[in-house]
C-alpha cells in the first residue's frame, strides 16, 4: 500500500510540474522576441527559464540563452558603427578646415602675383646690367635706334594695353613702321622738346613763330633794299628825268630809254647794291639856286640818251633825234610826283627780277 501511494504522489508531482511548464511556455516566446531586439531584460528572464531544464527542456532553454547573447552582439555592432560615423565626420571636418586655411593663405598670394604681373613694367628677360644705361635723347641722331630703345623700355605687354582700338589688331612690326614714318617727319629740336615733356602744340606754334619772324625779317630786308635803291636812283637820275620831261612831244620815249638803263643798273650784282652807300634823301632842292647845275645835268643826260639810242637797234632813231634842246623851264609838282612814282615802280620791278634769278641758283 505504501508503494502504491508513493507512485501516485510521484505522478501527481510530475503532472503538476508539466502543467507549470505548460503555463510557463507562452511566457518564453515574448522573452525570445525581446532578446532578439537586443534588450538585456528579456535575456535575463530566459536565463531564469533555463533553470527549469530539469524537466527535459534544456535544449529550449539553451536556445533562449543563445538569443540573449545574439542580442548583445547586435547592440555592440550598432555602437561601433555610430562611433565610426562620428570619427568620419570629425575627420572630414578637420580636412575641410585645413583646406579652408590653406586657401586663405594661397588665394591672397596668387592675387598679389597676378596683380603685380599685370601692372609691372618688367618684361621677359629682365634688365641687362652689362649694357650701359643712356637717356633716349642720346640716340636722337639715329632715329631708328632711338625707336628701338623706346620699344624696349615700354615692353610688348604694356604697349598692347596702351594701344587704341584702331591699332589693337596690328603687329609690333607694323606699329614700329608707323612710328618710324612719323618720327622721320619731326625735327631733332621738336623731338627734344617732346622728350622734355613740352606740349606738341606749343612747339608747333614756336616753330611757326620762328618761320614767321624769318619771313618778316626777309621782307623787311627786301623793303629796305627797295627803298635804298629807289632813293639812290631817284637822287642820281632825277635831274635828267626832270629836264627830259620839259621836251615837247618825245618825253615818253626818253623816259623809256632811261628806264631800261636804270633796270640794267639795278639788276647788277647784289653785293654792289648792298655796298652802295646810302645817300641822304634830299631829293627836292630849291628851284632858284640849282638852275646852273640842271643845265649841266641836262647836257650830260642828253649825251647818254643819244649813246643808248645808237647802241640799241630795237629803238627807233627818230626818237633820239627828235629831242629838242631843253629850255630853261622849271618842272611842275605834278611832273615830280609822276617821276617819283615811275622810279619806285622801276626799282620794285628790278628787285623782283633779281629775286627770280636767285631762286633757281
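Backbone N, Cα and C define each Cβ position, glycine as well.
Among the candidates 104, 144, 193, 317, the residue that Swiss-Prot annotates as SUMO2 cross-link is 104. The coiled coil annotation in Swiss-Prot falls on one of the ranges 157-187, 281-311, namely 281-311. Of the residues 34, 120, 231, 264, Swiss-Prot records the annotation phosphoserine for 120. Per Swiss-Prot, the residue annotated phosphoserine among 39, 89 is 89. Record check of 15, 96, 203 in Swiss-Prot: the feature phosphoserine is attached to 203. According to Swiss-Prot, of the candidate residues 65, 90, the site noted as phosphothreonine is 90. In the structure as shown, the Cβ atom of residue 90 (phosphothreonine) sits within 10 Å of 10 other Cβ atoms. Secondary structure at residue 90 (phosphothreonine), taken from DSSP and collapsed to helix, strand or coil, is helix.
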